[in-house]
Amino acid sequence: MASIRRVSSSAPAPAPGATFAPREFPSTGFEVINPADKIEEERQPFYRREEYYPMQIGDVVGDHYQVVAKLGYGVTSTVWLARDLRDQKFWALKVHINTMTHNQELVVYRHLASIPGDENNGQQYVRQLETSFKLNGPHGNHDVFVMTPLKMSLQSLLGARKGQKFYKDFVKAALNQVLIGLLYLHDVDVTHTGQARIGGKHRGNAMPTQYRSPEIILDMEWGSPVDLWSVGLISWDLLEKTPLFDIYDQESPEQNDAHHLAAMTALLGPPPPEFLKRSEKSAKFWNEDGQWIGPVPLPSNRTFESLAGALTEEERDLFLDFVQCFLWWVPEERLDVMHAYFHPWLGNKQPDSETEEDEA
């Protein structure tokens, strides 16, 4: 990217109202990948090729954005670095799959844009939308979000470390920012989930597969506590080598759900009856007393203590308490964002009420 910036910065500016000419990129001299080999988003569970826009390096989309590199991918989108041919600025283009006919994320960004900014309320930790447009693909239309490019994500950085986890101080700093950003979103009635929603209660699928909370898997109503479930799992993944939950069956969503719920039951114990009554699907996996009757066996030897190994004993006890505060069957029993921020493991100090009164 630095070389792109150096070359582009030396190009003469176009006349007012004109644009720079698109750059030509080489099409030879690269290693050829076997088409049968799956890479990047093709490895996502339940991937369908026709849902994604077939972007190519050098493409010009939205009239004046030339794609120069791929930045990332996910279950519902790919992300590309693009140069604006009007002013040479670089932007990140998030290109959504064509099955998102009603893009709730766009609704959320417009909702956030309508709220007055405050640099002290966590808004700086929430990515902003510059603009958006539609892209017509071979199998349907794709929403494209134009955003400021960010640095490497925690997920990408974790992958680059090839199994080596982060130092605990780095993890604590990252989680502080996550929690401050979530506090802002929850205060303005937004649930993140990876596919943000406005309002208190929702239904339907959301979140990356291995981070889904039990109420989402069981098709119950869900709200902001699903974000706290994710915080617990993300905290664990940043420090520990063995994930608490995984993707168990990439071919069958039903079998994957069964294995996922079995792993939750083995780790957390049986769900309380009042929770099971919230979904008719519960009867496929537990009896009325919460005992497992699902189509797959419960995994053995799964406890937080047996899976944890990254920290000293004293630090581990506090860390496990922090994680377990988020991982409750009943959503209302999970630790809220504010109390999570002041959990002893993070070490953040509660503001002195007397000092606040004096300052007021």
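Backbone N, Cα and C atoms are what each Cβ position is placed from, and that goes for glycine too.
For the recorded site, Lys94 (ATP binding site), the DSSP three-state label reads strand. Annotation source TrEMBL lists ATP binding site at Lys94.
As annotated by TrEMBL, compositional bias 'Low complexity' applies to 1-23.
TrEMBL lists 65-346 with the feature domain 'Protein kinase'.
Marked as region 'Disordered' by TrEMBL: 1-28.
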Cβ neighbour count (within 10 Å, all chains shown) around Lys94 (ATP binding site)
23
